[in-house]
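According to TrEMBL:
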type: BINDING; residues: E97, H100, R102, K212, E213, R218, Q230, H245; note: chlorophyll a 1 binding site
type: BINDING; residues: N216; note: chlorophyll a 5 binding site
Amino acid sequence: MALVVGRGFLVQPCSSSFICKNIYKPLSGVTNTFWPTRPGTTRCLTRTVVRAQLRPTWLPGLDPPPYLDGSLPGDFGFDPLGLGEDPESLKWYVQAELVHSRFAMLGVAGILLTDLLRVTGISNIPVWYEAGAVKFKFANTGTLFIVQLILMGFVETKRYMDFVSPGSQAEGPFFGIEAAFEGLEPGYPGGPLLNPLGLAKDITKSRDWKLKEIKNGRLAMVAMLGIFVQASVTHVGPIDNLVEHLSNPWHKTIVQTLANSGS
């Protein structure tokens, strides 16, 4: 069984390589560091081969599939279902993960902020999972749905067209705002609106920023899953759960909460 030592080496015992010598007499010019044996006896030693691991994987010691060569930001060889074997499908899955990550990061930030405002009494807003049922006075639900459908449909269509033909959506007039986005590459529009700090002016040299974004996005997706489960079990917001836990840390934990919900 292959074992990982630290992060950079893979230690793999080679059981087929045995060295059997009489180590009672040291070799010429070599200091014998082994314990001596009786004359005429032999001792078998196993040889351990240490080879460098090219990159870290999601499961230590696991060889990643050949189509995940580490060139993608955040590629740790995780594809148990083999969804990325087709190169074209892999490109689309990369874009899909980016979009889901960004929505998850916005969702987590929005839920925590609005829940904090509600719990502290600063604003009288509903808990996040009931916000969709709120009636707005300035427009009815049907109108808002149609407007959102049109706007989101337009944006997603433009995104897909840019994925099919990179850079094509920066050409042609659209109220003269194309320059505000400055498409860098599919999935990274940039510009003063989406990259106001100019952190990734040269997208080809921004691998570290891409890696940080996808890591934070994956963490946010896991957090959203946790928030969904928490709301289903406790029927309150995450800040409410945090306040309850801090009021009695030793008895108000996830273990007690799950135990009480099942009883």
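In case you wondered, yes, glycine gets a Cβ from its N, Cα and C as well.
Sequence features, as recorded in TrEMBL, placed on the structure.
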residue	record	Cβ within 10 Å
E97	chlorophyll a 1 binding site	17
H100	chlorophyll a 1 binding site	15
R102	chlorophyll a 1 binding site	15
K212	chlorophyll a 1 binding site	14
E213	chlorophyll a 1 binding site	20
N216	chlorophyll a 5 binding site	15
R218	chlorophyll a 1 binding site	15
Q230	chlorophyll a 1 binding site	17
H245	chlorophyll a 1 binding site	16
- Query: Could you give the Cα-Cα distance between Q230 (chlorophyll a 1 binding site) and the residue listed as 'chlorophyll a 5 binding site', in whole Å?
  - Reply: 20
- Task: Mind computing the max CA-CA distance among E97, H100, R102, K212, E213, R218, Q230, H245, which the record assigns to chlorophyll a 1 binding, rounded to whole Å?
- Result: 33
- Quick one: pull the CA-CA distance for N216 (chlorophyll a 5 binding site) versus R102 (chlorophyll a 1 binding site), whole Å only. 9
